[in-house]
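Peer 1: Here it is, the structure in full.
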Amino acid sequence: MTDTRRRVKVYTLNEDRQWDDRGTGHVSSGYVERLKGMSLLVRAESDGSLLLESKINPNTAYQKQQDTLIVWSEAENYDLALSFQEKAGCDEIWEKICQVQGKDPSVDITQDLVDESEEERFDDMSSPGLELPSCELSRLEEIAELVASSLPSPLRREKLALALENEGYIKKLLELFHVCEDLENIEGLHHLYEIIKGIFLLNRTALFEVMFSEECIMDVIGCLEYDPTLSQPRKHREFLTKTAKFKEVIPISDPELKQKIHQTYRVQYIQDMVLPTPSVFEENMLSTLHSFIFFNKVEIVGMLQEDEKFLTDLFAQLTDEATDEEKRQELVNFLKEFCAFSQTLQPQNRDAFFKTLSNMGILPALEVILGMDDTQVRSAATDIFSYLVEYNPSMVREFVMQEAQQNDDDILLINLIIEHMICDTDPELGGAVQLMGLLRTLVDPENMLATANKTEKTEFLGFFYKHCMHVLTAPLLANTTEDKPSKDDFQTAQLLALVLELLTFCVEHHTYHIKNYIINKDILRRVLVLMASKHAFLALCALRFKRKIIGLKDEFYNRYIMKSFLFEPVVKAFLNNGSRYNLMNSAIIEMFEFIRVEDIKSLTAHVIENYWKALEDVDYVQTFKGLKLRFEQQRERQDNPKLDSMRSILRNHRYRRDARTLEDEEEMWFNTDEDDMEDGEAVVSPSDKTKNDDDIMDPISKFMERKKLKESEEKEVLLKTNLSGRQSPSFKLSLSSGTKTNLTSQSSATSLPGSPGSPGSPGSPGSPGSVPKSTSQTAAITTKGGLVGLVDYPDDDEDDDEDEDKEDTLPVSKKAKFES
């Protein structure tokens, strides 16, 4: 079907009382067997699919609005609308609906909107039509009472609306308004306020078209200035005529479009500023007013898009060097308002809108505008850019990659955005925060497209790290040339925090691009300089950046961290924080706890070998002692690979397997008695029977002897130690300024009687520094007392020692056979 008269858009009203566009198609009417009646059918013009199939129900209230709209409710809270391209098509379908319902096509509504009680309906139907009082000054109070009394009843509202419409009553009321103002009749003006407000609540399109006409709308606004609850009238008309003057920056040749823009602005002003807040009214009382504004906006955007001369002139003047600054500012502000206007459109309409702007060259125009000195113009251009990025980031990426082939890095659009972020003069960096959000959207791989021939992620990130990343990190590198930030004022700290936030996002999402950049440019070392900042939020941003890197558990990063000794700034910050329980203390402990729990072997060894002296006295959490235990276990396995192999056998391979298999093997083990042993040998898997018994049993015997000795020492320590609760980290530690690994600590707290002193050789029997059992038992008893460290995971400690504990749970007969 190619008849444009029947071309329509289908809309549904969502939960937020906004209209959603369901598609464009052609409407027809006909009998549908499945629905058993005449129905409205809309088929999509793109593929012929069925957009709407709605039976014309004899009892459904259909409304005709603005000559080209038909609105109705299918069910509770499900409103539909057909917006016709031409009035003739709307009239044809309206006649068909009225024919089915047996109504006169001259009416604008076919049924009462809300059912009433039978008694009330009978009374109203038996009474004659509503008779309005004569429109005179002396009867304004009576008219106001009539309007107020009609609002609760839908049928009375309908009768009142018809009477007002048929008698041209609104224009008569507005004539009285002029008389009251001339006579300064305040009482009469107060009555007119109540009358006009009540007419809005009638929710009638035909009345709105009269009230919002060019000759009436300012008088309607005038009536609404005289709110009886206010001591002085508002000056809405003065604002609209003097302050909010319409500036036609580009001549609009279409008078209908110009009138529609004026009308929409004023009606929007009435809705937002003049009428009381919507919460005062019953739900849906102003739904027709919302619809009136919405469809006006759709129409305006469509008319502007179709006016190619208007848009061509707009962009030509924007980029013309001869355009004076005041004119350019007006043009940019108009374009900004135009884009803001489009946000009310549905996705399909917005798609066409931004595609039109793109074809007209909006991005090159923005690039020119952003390079100008006028801060107001640049600010408006930034807002326009944000609309484009939010709606279609791929379009922006494609543009910046294409221009990189022709222009230097300094004048690339994305680099201009970064420079404006860095150079934001606002003390609160409001503009910088907005721009950082836009950059984050542009570099987010989640909204990048992938096709068979090319991947936008690979291409754009390659471009970004080659042409733009050095601009983003410039303030960071400039401020971290020494051991502490060269500038540490609040605004600089805020800016660097924004840069770090974006870099942290890149670490999480960009894999090898950011990895190569960090390692090649030594970025992490520079970032950790900021841990010496006096601003805690900046130091925490730097720590968060490192924590994100460690969280990846990437050995390339780990080797870089160890090679450059990049735990030193963190340990320094931890020690300088002293005994304060704050976010810095918790965040640092959490980072080391992550290394322990995840058993990152390389970092565990690096931390203990280089920083144990500084951390060994931290006993209010078990994190660092747990790290030391991990380290000793690693070294023990390295020194005794055969012991490690045997232990894995005794642990039943330690790692979690199928639960049923595990239970069967445990049952076999514990059901085995001495008769199952041959010549005092342990039962091992057949693959291990070929091993030399002495090679296996000798280290086991030594291990059991050391274990017994440790347990006896630990019992003595526990008996002497006061387990009254968690100790406060009231230690005083100093840092020497020698080599990077020369971190020393000194405890100001007196050692507990019998507590371990400085650690000796971890591998020697009975070494005071090797007390894993004491550590875990102390932690367990403290937990029973109800006090737990800031970042303390006793369950993890139990898991670490679980396998050693299993040996103690073996039957006595089996222990004897191992020790014999």
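Each Cβ is built from the backbone N, Cα and C atoms, and glycine gets one as well.
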Peer 1: Of 10-39, 670-699, which range does Swiss-Prot call region 'Disordered'?
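Peer 2: In Swiss-Prot, the region 'Disordered' feature sits at 670-699.
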Peer 1: If Swiss-Prot marks one of Ser153, Ser728 as phosphoserine, which residue does it mark?
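Peer 2: The residue tagged phosphoserine by Swiss-Prot is Ser728.
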Peer 1: I'm checking region-level scores; what's the whole-number mean pLDDT for the domain 'WH1' (1-100)?
Peer 2: 84
Peer 1: From the DSSP assignment alone, can you count helix, strand and coil residues within the domain 'WH1' (1-100)?
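Peer 2: The counts are 17 helix, 53 strand, 30 coil.
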